[in-house]
Amino acid sequence: MMVALLLLVVLPVAGAASGAALPVVINTWAFRKAAESAWRVLQSGGSALDAVERGCGQCEIDQCDGSVGYGGSPDESGETTLDAMIMDGNTMEVGAVADLRRIKNAIGVARKVIEYTKHTLLVGESASLFAVRMGFPYEDLTTQKSLALYSTWLNQSCQPNYWKNVIPDSSKSCGPYKRPEKVTCKEEQTILQRSVDNHDTIGMVVIGESGTVASGTSTNGAVHKIPGRVGDSPIAGAGSYADSTAGGAAATGDGDIMMRFLPSYQAVEYMRMGTDPTVACQKVISRIQKYAPKFFGAVICANTTGSYGAACNKIPGFTQFHFMVSSPSLSQPTEQVVDCI
């Protein structure tokens, strides 16, 4: 009999727009509640896929660290949009939504993509229309907190932002921007400005008692992102990946960098070859380091025997990675910490 296991990403939002390294603050209560919700599903006989949906959905309700669900991460127009995915490691089916608007339960909509379509990923307004057809109500995703965050950003000349090589100078003004006649490349902003402050997500990996693997993610994306931006979270193999013959993984951090390497897929493939989950995570992080040594990110990994691990890239202001674990050997969801490499 396989060991039931649940891993939950707990990645902090830390630092400030100035790029200064600040102490990490983690809303462990909300993530712990999400882990408890998912674990109860498994204990009551629910599937690994049900557990992922319930756990991520709980984080959407509780707005985990402001990085999941409504009322967080306004884009350049001040709107909050959501990305989510869920993967069944038995069938290899994936349901995902990106740039979802006016629908709060993004992971629930992603599950419906699996159940009621032959597609994998729906985006934007069309994804919202699909959600309404599936019975989800339109709801305002804006809150006073997200409006205040957006207003403060505008008053700071829209800093930081995700534009480069445009006119007017995106490091000094809000635009609107356009392509110059002659492009002069500039160095990107520091990784703390562009990543530690602006990225977060919830990622879950569940190993059911029978060895079934499922994974999922939910996020409101990068703060002040360019409207239409899609990060790694809803992309299978990037945000998460599940295969009941090998294991599961979930990644979080600077999605614009991490999605280029399909870290979750790669980690699962390492575990398929017999690599220990911790080492699999470390190998994935090391690979990205070769191309982006200052990237902000972390990966969690679990194989079908219940072994698990995690790894993260060490940068100023981010030297440890926290995640929750639930298993029969633990009386309650327990926070785990690993040192970044």
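A Cβ is built for glycine as well, from the same backbone N, Cα and C atoms used for every other residue.
What TrEMBL lists as active site, nucleophile is Thr201.
Annotation source TrEMBL lists substrate binding site at Arg229, Val230, Gly231, Asp232, Thr252, Gly253, Asp254, Gly255.
The signal peptide annotation in TrEMBL covers 1-16.
Cα of Gly231 (substrate binding site) to Cα of Thr201 (active site, nucleophile): a distance of 11 Å.
Comparing the binding-site residues Asp232, Asp254 by how many other C-beta atoms lie within 10 angstroms of each C-beta, the top residue is Asp232.
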